[in-house]
């Protein structure tokens, strides 16, 4: 390409990141190519074939090549001469065939001539509608460009549409956009293109997957060859020929085909083309799935691709709730059905076996890398055989009972008859889609709306976001909170158990390694001992349910683990607790008859109709007998709607890992009569997986836990982590948990003896291994891989194994499925030790490793490019999960030049650099890297996390709506606004933590003179044991009973942020007037807050700028990365949210979602099930005061409105042993005292919060 064309290409190819919302499929291959390792030497940029280069003909392959040609209607490339990448002329025969060798000037002249002919100005045509009607058959279906040298045909038989190599307004070329979205992989060049009508395919094996194809230049001759990455490049298919395999380069670079292969349209052509946005591309591609002949004009028809109503923070009633969520569940169900039914595999090789239950089991390999869907045990598949001369056609449905690390699937068949066990080849497999889980979600929402007994009135209103008086469950607390069979609880765990037992609805936030499961088991134990009936324990995944069931069983409670029938054959660590196991091993008189019938059924495969009826009745009676005798029933959230529990009612429900479940999924166990619910999870880690992007954009990916947090229900945070080496927990604690995580393990406990691994800093078992290799698109087209990182992962694994670490201690994790599959194959091929050792190493995606841990973690980041960003590595929750899986040590491989552009990653890299753990070079001679970091970009909200929000143009100090759930997709700011890239999900936004998590709207007192919030004016929903309360005069709304409300002076001591360790400098300023409070429209939007605030809320030493300043003045210093400098943000409702910069050194941990410092409870009296409860005045401190509310209708004695005889009961500022600061000075005024704070003149006319009697 000449310099002029290069300039035009650069100008026309800038990605419109505002428009491109298809963020998951970011698959750029542009980037730094400075390979420091001999495995994959590469020039600085992808080489462009020079003059007189020829592409070898597939028909002229060497002896090692495939014999068969893969010609269809088009020829394979035979010979190519290219003038500096300007184009090529293909001969139809041997080298220099009929076309001969054409010069670059001829090609340029031809291209210029075509351009002049097609795009001449016509005076009355403004160019906007060019290509609207696709004048030629080969015009790009997106933009209408029809230059033969610039267009490519999708060669899938059902498609055969043409697309150009122009980006237009998207971040990738139109042809690559189409291939990815449609999941197509074959292309053919135009017959009038310089290369002729050519199907791109591998020279050696004929593979036509363009995402696998690259080219190699010969060492001596001016010839290039197309070769696929896997298997031909990886197995060195051309080792006996004169090819330099180290110079292999992919055909798709920076989301475009290489310009010497498919020209990029000129700037003039692109300006005259139809302008199409990424959103329009997404919509037309979706439409083509059902109507292949649809055009862009069809998108404008009413009812086409309407966005569903987004999830709300609050709902008027359960019917509105159902009307919002039901369409989203249907969208997800339809997408799941379409995806599963479209996934099929042909020509499988099957090996046969017989299971312990005498059923046939088929084993076959089902590669994960090529599939968007992940198989899990219990999935239904249909195995088919088309038949041959000897065997008839056959098919049978079965359940997946096992998945191996080598991607082998064990499928247990339902029927044993007619199975072709003497055949091993030529099988096909399809998914069998079942709607059970989606049907149960819809049913739960219906019950929630129509059945008043489905949940208590209080929980009903809390779930809908209505403001009701806080209540307290009347329970006798145990003398001690320790539980037999479990480890001794620490102070924050005891605090969580104590608080949960007395509240109708509770949230427990468990950061990594803090003992969520142990705490949950302790809560369940105490609930069961209260004698209020059986406790239902759920989680979204079977693994989480099994872990919790095992812990609860260890306490001595009788536990039944209810499995889906499709999973009864799946091996489980708690097999002895499962219902089907207990049915088989129950020793009763009826059992003997049931056992005989079961044995008969296993042997014969079926029973007579009378025996079958008798068998089912006996089995059903036995199951009911076992479940009724249990103290605790454990199942998945979806499993709670199992017919075997249809007549059960559960007053108390605990849902573990609730942040990984969708809201309708959480609702299933709640509508079984719940009166007390506990949600356990961590919204700072990854949430539920939603496959349908339209449903995810509307908010289905938001968990119930997150929504309740945004509504002001404060999670109780567990604060002592027992997993990570203290050096490993430092950054996650400071960046994701405000420095509040304390270490329950010492450095000595996390040092291993006899392990000789070359850590750069001996007492810090961590380092960032600098990699500058190129990222590439995976075979699926929807993921990435990085061959350089994969090669060095193998070197690291080998070094760990040689140093004495066993394979089961090592975990390799990566965000991308393409890299996961490549690492598995690479280690199997290239590992220098025994192959079996590498097979035992677990290689997994970051998302699938949530909740897991290993002694040593190797994290491969993959992304390495100049322009395309880092994809969903942007998500701070994914980084949090990745950094917190290791117990003893972690190694991160990545490209700092690319990762440092994102502020959070910049902080991580700075942290590693300051501790001398940023290294490069060979493993046996690591040295500190001097690589220069990029200036971090400003980060804003992302639709993947902020539901209803999106990128756009806003003014520098304009955050738009103060509603955290407001839909701002169409927002555009005033002239002079700053550009918002469609970017990472850790942007600052009202009502959201700067790292991307919802924050509670809770009052920070004292703030006299603020506006009260009004109670939700709705009818009550039946009594739940509450007592009417008289409103307190002079103190109304959300802050009632908690000191003064928002809006007045902020005492100096509450605004001061103290230095804690090396977290960073502090903010130290009083707010002297109400006018200095941040506005509800945008947190930290005032310049006065800017001395240490970075754009996304993360603070780095040395940065001095406005929160919304456009210019980053400096970067990095001796101060580690700190995200705790958030003093006094305002929530959308006008209530201040206090982020205290406190660290992990024993000081009080601040006010963000922290209730672990409850110092104690006052005595209470009363005869009701639920007692009212108020936070103390310093709302963030998490102290509760509880007073006895005595129903005045039953006691005529002299009582004040709160039923408290001794006002001093209200001031319980007990010091907590967890923290070094006593806090007795908070809330020293009794709530019913009419002090000066309560008599603000502007409050006298406000409506008080009405008592709630439902």
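Note that the numbers count up from 1, one per residue, in the order the chain is shown.
Each residue, glycine too, has its Cβ placed from N, Cα and C.
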Listed co-binder of ATP (same site as 513, 514, 515, 516, 517, 685, 722, 853, source Swiss-Prot) among 493, 742, 835, 836: 493
Residue among 154, 164 sharing the Zn(2+) 1 site, where Swiss-Prot lists 140, 143, 174 as binders: 164
Which of 140, 202, the listed binding-site residues, has fewest other Cβ atoms within 10 Å: 202
Non-site residues, in chain order, whose CB comes within 8 A of the mean position of the CB atoms of 140, 143, 164, 174 at Zn(2+) 1: 139, 141, 142, 144, 145, 150, 151, 163, 165, 166, 168, 173, 175, 265, 273
Distance, residue 514 (ATP binding site) to residue 184 (Zn(2+) 2 binding site) (CA atoms, angstrom): 45
Rounded to the nearest Å - Cα separation of residue 493 (ATP binding site) and residue 178 (Zn(2+) 2 binding site): 52
Of the binding-site residues listed as 140, 205, 516, the one whose CA lies nearest the CA of residue 178 (Zn(2+) 2 binding site): 140
Among 143, 164, 205, 228 [binding-site residues], residue with fewest other Cβ within 10 Å: 205
PLDDT averaged over the residues of the region 'CC/SHH/C' (154-184): 90
Site extent for ATP (largest Cα pair distance over 493, 513, 514, 515, 516, 517, 685, 722, 853, Å): 21
Structural state of residue 164 (Zn(2+) 1 binding site), classified by DSSP into three states: strand
Nearest recorded site to residue 202 (Zn(2+) 3 binding site) by CA-CA distance, among binding-site residues 174, 516, 853: 174
Neighbourhood of residue 514 (ATP binding site), C-beta criterion under 8 angstroms, separation at least six: 492, 718, 719, 720, 721, 722, 741
Residue, out of the binding-site residues 493, 685, whose Cβ gathers the largest set of other Cβ atoms within 10 Å: 493
Coarse DSSP state, helix versus strand versus coil, of residue 184 (Zn(2+) 2 binding site): coil
